[in-house]
Amino acid sequence: MKLVLDTHTHTISSGHAYSTITENAREAYKKGLQLICMTDHGPKMPGAAHLWYFGNLKVLPEKIEGVEILKGVEVNIMDEEGNLDLPEGILKKLDIVIASLHDVCFEPSDDIERNTKAIINAIKNPYVDIIGHPGNPIYPIDIEKVLMAAKEYGKFIEINNSSFVSSRKGSEENCFLIAKKAKEMGVKIAVGSDAHVSFDVGRFEEALKVIKNAGITEDLVLNTDVGKIKEYLKEKKRKIGGEEE
């Protein structure tokens, strides 16, 4: 399966990443990607950018180094109600929004009901597009309930390559179970490198192994065609009243 876009990348503005957007785009071009999503951490992540940073992403060009750039964020899910660390006024200006649980913002717990509720409530937010690294073992979830919500609200579940390489140790089994259930239920998948340095942009090898082993086909994967993400965003804009019916 060939992927032509990366839905999850970070720049130095995330506080603990090491490359600029230009460096990320240059690496993406070298690897044959057509598009990357710029998804720096939301402001409640220590060292992350102020909310004004996200409000001003509009100044970036649509293409850098020959690669299309979608301006976005990886927001932090803050509580069981699915509240996020950026206000609606900022979220509505962004192209793409990943919502994730991080231990500095949401206390890790074995409470499956609590974790599941937080993610499902984030899914219900009309500005959220992707649930980031849901296989993290420090946040056990009811996989079927989360996937049912994702399908109902037309959102994507992420298979995150860094979960198998450098972060969230022990994610492999959960990610496979998520991928397998997504295949069974017809839930759509986004594959993200979660690159925190330019060299990792477009690294999908481990995530692709999981997808293959779970039997997921191209029709369920957002990253196989730039047209898919553009069509999704057009429909999202229509649903939230951003353009005329």
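Along the chain as shown, the residues are counted starting at 1.
Every residue, even glycine, has its Cβ placed from backbone N, Cα and C.
Just one of Asp129, Asp142, Asp194 is listed by Swiss-Prot for the same Zn(2+) 1 site as His8, His10, Glu74, and that one is Asp194. Together with Glu74, His133, the Zn(2+) 3 site in Swiss-Prot holds one more listed residue from His50, His102, which is His102. Each residue contributes its Cα atom, and for His196 (Zn(2+) 2 binding site) and His10 (Zn(2+) 1 binding site) those atoms are 5 Å apart. On the backbone, the CA of His41 (Zn(2+) 2 binding site) and the CA of His10 (Zn(2+) 1 binding site) stand 7 Å apart. All protein chains included, His16 (Zn(2+) 2 binding site) registers 12 other Cβ atoms within 10 Å of its own Cβ. Taking the mean position of the Cβ atoms of Glu74, His102, His133 as the Zn(2+) 3 site, the remaining same-chain residues with a Cβ inside 8 Å of that point are His41, Asn76, Ile98, Ser100, Leu101, Gly132, Asp194. Report note: the Zn(2+) 2 site is defined by His16, His41, His196, and the residues of the same chain whose CB lies within 8 Å of the CB centroid of those residues, excluding them, are His10, Ser14, Gly15, Ala17, Asp40, Met45, Gly47, Ala48.
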